[in-house]
């Protein structure tokens, strides 16, 4: 009897010690997390979005919809981290995954990509601001001025006129041609800037044009403002990739919000089942995108560049596998490749980035 009591006391003592150790570990982790301003801000943002998500549609419906559309949430775990950490945006992951794996139509996949980026990119942008990550705010303001009418033109006027396959292959060739120039840029010793020193009428006008073109691309494929603006920042203005990446994330957030509002309130085509896909992915992207932004701030410049190039290679391979290579698609692809390669090379050779 005495031995049994001793054993019980020993077991209870061990359990208490384990609980105490777990509590101490939890307190230590919480202390580390909340000592970081960016992580603390991201957690508060996540809790706020989750609360709104649960309150707006009700806990039971929110959870049942999440279970019914778990594939979309799972897809955006990686997609949202890519969106926050690179200039490719979540659409680079979402579009091929939705069309190939989940058998979603290209127009719905484009709409979902745009809608989910309005949440994920915004969360990443708030984290970037909270971390006080250096960005080019003057470029953000002027590019966004062109981006707002640009995405409206792309969504309302251009998208109905062009075949989805032609749009997609053209976008793929655009980013692929940029990768070629980016590889060459990083194999040569080129001076990088951390800010745009001269900001006059020429730079403002170019920024509006970049926004207009980037907005039209986003209106056509659900993403594109970020990678197009990024290419101009790196090649034309000579900005460091570590500055260009968070700047492009904020630009895409503004553009995605604009596009989402256009689809929801003007065109009125943001309806089920896309809205259900979106609601399932919302609680995931508010965690993944800020995490990507934090990881990007910790990575070296070369790592950021090669991750981007790797994503572009994945974009190229998935497009070649997913898109039916008809004569018109192949012709459009070659035309876009030649056009954008020439365009990027011209930017690379110009003196503006050294001005």
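Cβ coordinates are placed from backbone N, Cα and C, and glycine is handled just like the others.
Annotations in TrEMBL come from automatic prediction, not curation.
Annotation source TrEMBL lists transmembrane segment at 41-60 (among others).
The list of residues near the transmembrane segment (72-99) in space but at least 6 beyond its ends in sequence, with Cβ under 8 angstroms from a Cβ of it, reads 66, 105-106, 108-110, 112-114, 116-117, 120-121, 123-124, 127, 168, 175, 221-224, 226-227, 229-230, 244-245, 248-249, 252, 277, 280-281, 283-285, 287-296, 299, 304, 307-308, 311-312, 314-315, 318-319, 322. The transmembrane segment annotation in TrEMBL covers 72-99 (among others).
Same-chain residues lying 6 or more positions outside the transmembrane segment (139-159) and placing a CB less than 8 Å from one of its CB atoms are 167, 196, 203-204, 207-220, 225, 229, 233, 237, 247, 250-251, 254-255, 258-259, 262-263, 266-267. Residues or ranges marked as transmembrane segment by TrEMBL: 139-159 (among others).
The transmembrane segment annotation in TrEMBL covers 166-185 (among others). Taking Cβ pairs closer than 8 Å, the transmembrane segment (166-185) reaches residues 88, 95, 106, 159, 217, 220-221, 224, 227-228, 231, 234-235, 305, 308-309, 312-313, 315-316, 319, 322-323, 328-329, 332-334, 336-337, 340-341, 343-345, 348 in its own chain, all 6 or more past its ends.
Annotation comment: TrEMBL describes 205-237 (among others) as transmembrane segment.
Beyond the ends of the transmembrane segment (277-296), by six or more residues, the same chain brings 38-39, 42, 45-46, 49-50, 53, 57, 62, 65-66, 68-70, 72-86, 90, 104, 112, 115-116, 119-121, 123-128, 131, 133, 245-246, 249, 270, 304 to within a C-beta distance below 8 angstroms of the stretch. As annotated by TrEMBL, transmembrane segment applies to 277-296 (among others).
If you look at the transmembrane segment (303-323), the same-chain residues 6 or more away from its ends with a CB under 8 A from one of its CBs are 82, 85-88, 92, 96, 99-100, 165, 168-169, 172, 175-176, 178-179, 182-183, 186, 241-242, 245, 296, 329. The feature transmembrane segment is assigned by TrEMBL to 303-323 (among others).
Summarising the annotation, TrEMBL assigns transmembrane segment to 329-348 (among others).
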